[in-house]
Amino acid sequence: MGCCGSTEVSAARTKREWRPLEDRSCTDLPWFLLFTVFCVGMGSICGFTIVTGGAARLVFGYDSYGNTCGQRNEQIEGVRLSGLDHRDRKFVFFLDPCNIDIVQRKIKSMALCVSLCPPEELKTYQDLKRFAMVNGSELCSYELAGHKYPGLPERFSKCPKLPVPPSKPLPVFNRCTPVDISCYAKFAEAVVTFVGDNSVLHRLIAGVAASKEIIIGLCVLALVLSMLLMVIIRYISAVLVWILTSLVVLGSLAGTSVLWWLYIDHRLYGNDTTVKITKEVKDEVEVRRDSGQALLVYAIAATVFTIILLLLMLFMRKRVALTIALFHVAGKVFLHLPLLTLQPFVTFLALLLFWIYWILVLLFLGTSGNPVQNEETGLTEFRLTGPLQYLTWYHAVGLVWISEFILACQQMTVAGAVVTYYFTRDKTRLPVTPILSSVLRLVRYHLGTVAKGSFIITLVKIPRLVLMYIHNQLKGKENACARCLLKTCICCLWCLEKCLNYLNQNAYAATAINSTSFCTSARDAFVILVENALRVATINAVGDFVLFLGKILIVTSTAFAGVLLLNYQRDYAEWLLPLIIVCLFAFLVAHCFLSIFEIVVDVLFLCFAIDTKYNDGTPGKEFFMDKKAGCGPCFSHRFVKLKER
C-alpha cells in the first residue's frame, strides 16, 4: 500500500519537525480515486437493478409468471402466461399468504396481479365469482374465467385457499396483506423464540403502545444527559478516578486479608481436630490438607498481586493525574467548540441514509436477474446467475468500507477541529466555526487518507465477519478443535481491528496537524505513542473506565426516571419492553457522545506530546496550549517532568 519508502527519504523524514497547520496539500490521492471508482461501482449496481426491472419488481410486485404488476410486460421465453398487460392490475395477491418458508423467509404461495384486494372474507367459490363479476378483480389464475369458478376442477390448485381473509394493500409496495395477521404466528414464534405465551407478547407490545410518549421523553432525557456529561465530566473525573483507584486498592487488600484469614483459620481448626479426624476418616484429612495448601497458594498469589498493584499505583499516580488533567482540558474544548456535540447526529444521519440506500439496493438485487422456474413449486423467480451473482458480494464489501469511511470522516473532522483549537496560539483568531473549517479541509485535502485508513479496517473486518458466519453455520456440527480454532481466529482479528482503529485515529490526527499521507502520519503517531507508552496505557485504562462509568450513569439515571414515570401502570410485566428499549437507546446515545469525548482526549494527548517534545516554554519555543485554560503551563511542565523520568 505504499507505506515503505527509501532509506534516504526515511532519514530525511526523521529530521523533519512537526509543523502544525503550516502546510496543506492533498494526501493519498490515488486512494481517493480508487474510492471514487468503487463508489461509482456501487451506484452502477443500483442503476443495473433499475434498468433491468429489479427495482420495479420490488416496488410494484410481480406475479408467479414473471409479469410486473401495473405495467405492460414482454413475453418471457419458455414461461406461459408471461407478457401480459397488467396496467389495470396494480396489486399482488397471494393465493395462500400463510404458506411461509421460515428458513428462506419468504411466501411460497402462487402470486397474481389483481385490480383490487378483497376487503371482506370470501368463504366459497361462489363468493369468488361474485367478487370477480362485481369488482372485475379475478383472484384465480389468469386462464380461468371468473364466471366459471364454482364448477372448474382446477379451482382447488389455482384458486385461493378458502376462506379468503380480508386484506388491504401495503403502502408503496402494493402487496395484499391479510388484516388479521394471526396466520403469521408460526413465523413470529420462529423470530421471537423467547416468548412462549402469546398473551405475554401481546401485553409487552401493549405496554410499549401505552407508554410511547414516556419512551420518547426518556430518550430525549438520555440525549440531554449525554450532552451535559461531556461538559461536566471534567469536574467529576477527578472524583471518579480516585474513587476507582481507592476501591481497587481496598478491594485487593480486603481480598488478600480474607484469604490469609481463611488459611489461618483452617490451620488452627485442622490442628485442633487432627487426631479425631485421623481416627475416623483418613480421606477427609487429605482433603483438608489439600484445601489448606490451595488456600495458601491463593493467599500468596493475592499478596503478590496486591504488592504489584500498590507499586503500580505509587509510580503511576502522577500519570493518573495526567489523565484527570486531560479530561479537564477536553471539557474546556467542548465549551469552546460546542458544535462538537452535533457530530454524533451528523454521523448517525449519514450512516442511516447510507444503510437505507444499501438495504434498498440489496432488495432490488433480490428481484433482479434472469427468470428461473423453481423446480419445487414451478413458479417463476428472478435470480442473478453467472458473473452477476458477484454483485451481491461487491455490494456487501461496500457496506463495510463506506460505513468505516463515514466513521473515519467523523474522526478526522473532530481531530481537525481539536488540532486547530490547540495549535492556534491566539484563541481570538480561531475560525468562526472550527468544525466547518475541519470539514472543508477534509473534503479538499484528506479524503484519500480517510479512504485508505477505512480500507485497512475493512480488510480485517471482512475476514472476521466471514469466520463468524462460518462459525454460526457450523454450530453443533464442528468438533471442539475446529470450534476453538475458529474462535481464536475471530478473537485475534477482533484485537487486530481494535489496535488498527486506535492507530488510525492517531494517524488522522497527525494528518490534521502536518498534512502528511496516511502511512507517514501513522508512523509519526506510532513513534509518539511508543515514546509515551506508559502514559498511553494509563490514559486508555483509566480514561476508558471513567467513560464506561459515565455510560452506566446515564443508563441508570434514565432507567430510574423510567421506573418513576411507569409506576402508574399496575401490570409490572408491561414495564419490561419499554425499559429495555429506553436503556438500549440510552446506552447507544451515551456511547456515541462519549466516543466523541474519547477522540478529543486522544487527540489532545497527541497534541500535548508533540508540543512538549518540540517546545520547552522558553522564548521562541513557547507552548501552544492556551494559558487561560487554567492548567495550561502547569500541565506542560508536569508533562515534561514525567517525560524526563
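Just so it is clear, glycine is given a Cβ too, placed from its N, Cα and C backbone atoms.
Note that the structure is predicted; figures quoted are calculated from it, not measured.
Given the ranges 29-51, 489-511, the record in TrEMBL names 29-51 as transmembrane segment.
Using the rule of three or more Cβ pairs under 8 Å, pairs at least 6 apart in sequence, the transmembrane segment (295-315) is not in contact with the transmembrane segment (321-339).
When Cβ-Cβ distances below 8 Å are used as the criterion, the transmembrane segment (29-51) is approached by residues 357, 361, 364-365, 367-368, 391, 394-395, 398, 401-402, 405, 447-449, 451-452, 455, 518 of the same chain, each at least six residues removed from its ends. Annotation: stretch 575-608 has the most Cβ pairs under 8 Å to the transmembrane segment (545-569), among 239-263, 321-339, 346-365, 575-608.
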